[in-house]
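Reviewing the structure listed below.
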Amino acid sequence: MPLLDSFTVDHTRMQAPAVRIAKTMKTPKGDVITVFDLRFCVPNKEILSERGIHTLEHLYAGFMRDHLNGDSVEIIDISPMGCRTGFYMSLIGTPAEADVAQAWLASMNDVLKVAEQAQIPELNEYQCGTFDMHSLDQAQSIARSIIAAGITVNKNDELKLSDEILNGL
C-alpha cells in the first residue's frame, strides 16, 4: 500500500493550533488544489470531543467559506480527521497560511456567536447521519481554546520523517 503524504511528517513534533500545507496538486486543466492540515490539538496528547468536533464540522465549513472564499480561492471540502485532532481542508487556489489562520480565527469567533443548538446548520435526520450527536457548548469550548492559544504554522520541511525512520517503522 502506498505511503500517504500525511504519514511522512513527524506527529510528535507538530504544534497546535497550527496550519500546515499538507499537499498541493494541479488538475489536468491547470487549477491548483491545496490541502491544508488544520491541527486543533497536539497529536497523541489531546483529542477533540466527539460531539464538539461534529458540531464544529457543521459550523466551521460554512464559516471558513465566508472568510476565505474569493476570486482566487474556493473551498472544496472541510472534513474532520479520523484521529480527531483537527480538520483537512481542500480548496482550489493557494492562499497564504497567514490568511488561512485569520479565516480560522474569524470562524472560531463566529462559532462563539451561535446562540443556541437550533442554529446549527443541517441539524436534522435528513441532512446529518448522526443528528443527535452534537454539542454547541463543546464546540464553543474548542473555539475559545483556539482563540486563546492563537494559531501558528507547521512547516513540512521541519516535520519530515527521515527515510531511515520511515524504513524502520
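Including glycine, each Cβ sits where the backbone N, Cα and C put it.
In Swiss-Prot this protein carries:
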type	residues	note
BINDING	His54, His58, Cys128	Fe cation binding site
For Cys128 (Fe cation binding site): DSSP state (helix, strand, coil): coil
Apart from the site residues His54, His58, Cys128, the 8 Å Cβ neighbourhood of the Fe cation centroid comprises Thr55, Glu57, Ile120, Glu122, Leu123, Thr130, Phe131, Met133, His134
